[in-house]
Amino acid sequence: MHSSPSAGKQRVALVMQYLGTHFHGWQRQPNFSSIQEEVELAIAKVVGQPVTLHGAGRTDAGVHAAAQVAHFDDPVGQIPPHRWSKILNGHLPQDIIVRGSAAVDSHWHARFSALWRRYRYSIYTDQWPNLFADQFSWHYYRFPLQEKTIQAAMEPLLGKHHLAAFHRAGSARRHSWVEVQGVECYRRGPMVYLEIQANGFLYGMVRLLVGMLAEVGSGQRSLTDFNDIWVNQRRDLVKYAAPAKGLCLLRVGYENFPLPDSLWFDSQPLWQFTG
């Protein structure tokens, strides 16, 4: 599957982390700073010409990534693919790092070769504010959250469903089918974590879903109401999205990915707080 390093055009895969706080999302757009543009500029400084970077997931403004996967075509091919990570880190701002890089076949694509993506949403439930938790979580404390209730609400989402109720306007996607492969809600001290794995995600889906699950977990909305809303695609009853800062792209799944599993953060939360 993987090409051997040689002079000439070479496709390179990257595993990246970033803090999304000061960026207007992954995707390049005029007049706004984006992750894609920052990394493309760094690559261009090295190869001396513009390149296009393709990401596995188009995270929104303010959303973080523990392991975003991307690829680009090195037009020169003189740099060994495994060295690109260290080279790029010398040209990137401090809130973006490349953890690893490797050669991939010319047909491999960071987005279209992905089998699934996994997101984690973090909620800080202690009444006392925490400066460090505030950067990466939603401070939700006025109503107690019951993680078992949230888990019970999430489990019927498993499988392939129309999830139009959790699809923000403005997306070019023509359908709302999503195959949800895994869901989990658990607590670590004052932190409540919601994880969801799917073959793909609708625009704004996780944040809209978490916003409603917080209502269910705090007793403001019943499980029956929640099920009726998503089954009947009642987007008009989904009132608000959870803040972007609590969301993190955790991992992307591929067949025979060339970089080691140690680059992924899928077993424990990245940030834990005791209050």
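Quick reminder: no glycine exception, Cβ is built from N, Cα and C everywhere.
Copied from Swiss-Prot, the annotated features are:
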ACT_SITE  ASP60  active site, nucleophile
BINDING   TYR119  substrate binding site
- Item | Cα-Cα distance linking the residue listed as 'substrate binding site' and ASP60 (active site, nucleophile), given in Å to the nearest integer | 13
- Message: Let me check the 10 A CB neighbour count of TYR119 (substrate binding site). How many other CB atoms are there?
- Response: 25
- Note on the structure: Excluding its own, the Cβ atoms lying within 10 Å of the Cβ of ASP60 (active site, nucleophile) add up to 20
